[in-house]
């Protein structure tokens, strides 16, 4: 699952390549839009909204895409070899005189009227990297379902937009609670820190090629992807277990010593509350 900073970087690359330029190539390789031709139109801007990308073109149209797990946008110069995947994985090509943007494996690709963009993104909560960021509303959204596990609430883009699986695990570590802690049991002081901390992490990483949360040289992340290596703070083995149901199930990392709250037992059942 992409993080908000990843999508922000993709939007910036696309904006730098396309905005203000006339499209000389337009090729939508999905049946619904196979006959759509945007050539001759100027790209106005490319804007991220949470994990969604909105490419606006003159004439009041927006190309809406979402990367989800495997999608990507690549930008190529004339004559450069395309390296985003095999040709059958290409979903859309938008080209100008000096750059070509290619969307690979995009699970969501729509064309809508710019005036109706809310149909695609109106359900999203405050965007951590957007102009609509509202920490109080984000926290209110999270608190609206007290029994819900914090990790699942953080991934719900209706609460706040931009957190993916990496930041879910890292935020919970920095707050000192497990991702299975019910939102209603999050101590008030940590709840108050959460929105600001989340925004700080994404803003710090939106211009970096490698995501970092630790500030430690040679160690990029506190827990994500580190199981069963030692915790960077206490030396306890970092653990991993799946959180969520069905298609929403995600590998989730935590330190059983540094993080308080319920966590899966070795057999996978949630219920153990480690001491701090």
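We number each residue from 1, going along the chain as drawn.
Cβ atoms here come from the backbone N, Cα and C positions, even for glycine.
The active site, schiff-base intermediate with DNA annotation in Swiss-Prot covers 2 and rests on sequence analysis. DSSP assigns residue 2 (active site, schiff-base intermediate with DNA) to coil in the three-state reduction, placing it in neither a helix nor a strand.
According to Swiss-Prot, the feature active site, proton donor maps to 3 (among others). Non-local contacts of residue 3 (active site, proton donor) by the CB criterion (under 8 A, 6+ apart in sequence, same chain) comprise 51, 162, 163, 164, 166, 167, 202, 205, 211.
Other Cβ atoms within 10 Å of the Cβ of residue 51 (active site, proton donor) number 25 in total over all chains. As annotated by Swiss-Prot, active site, proton donor applies to 51 (among others), with the evidence given as sequence analysis.
Sequence annotations record features per position, and here Swiss-Prot assigns active site, proton donor to 250 (among others). Following the DSSP three-state reduction, the secondary structure of residue 250 (active site, proton donor) is strand. Counting every protein chain shown, the number of other Cβ atoms lying within 10 Å of the Cβ of residue 250 (active site, proton donor) is 17.
Summarising the annotation, Swiss-Prot assigns DNA binding site to 165 and lists similarity to another entry as the type of evidence. A helical conformation is recorded for residue 165 (DNA binding site) in the three-state DSSP classification.
Taken from Swiss-Prot, the feature zinc finger applies to 222-260. Each residue in the zinc finger (222-260) gets a DSSP state, and the totals come to 3 helix, 13 strand, 23 coil.
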Other than its own, how many Cβ atoms are within 10 Å of the Cβ belonging to residue 2 (active site, schiff-base intermediate with DNA)? 21
Neighbouring CB atoms within 10 angstroms of the CB of residue 165 (DNA binding site), all protein chains considered, total 22
Given residue 165 (DNA binding site) and residue 250 (active site, proton donor), what distance in Å do their CA atoms have, once rounded to a whole number? 7
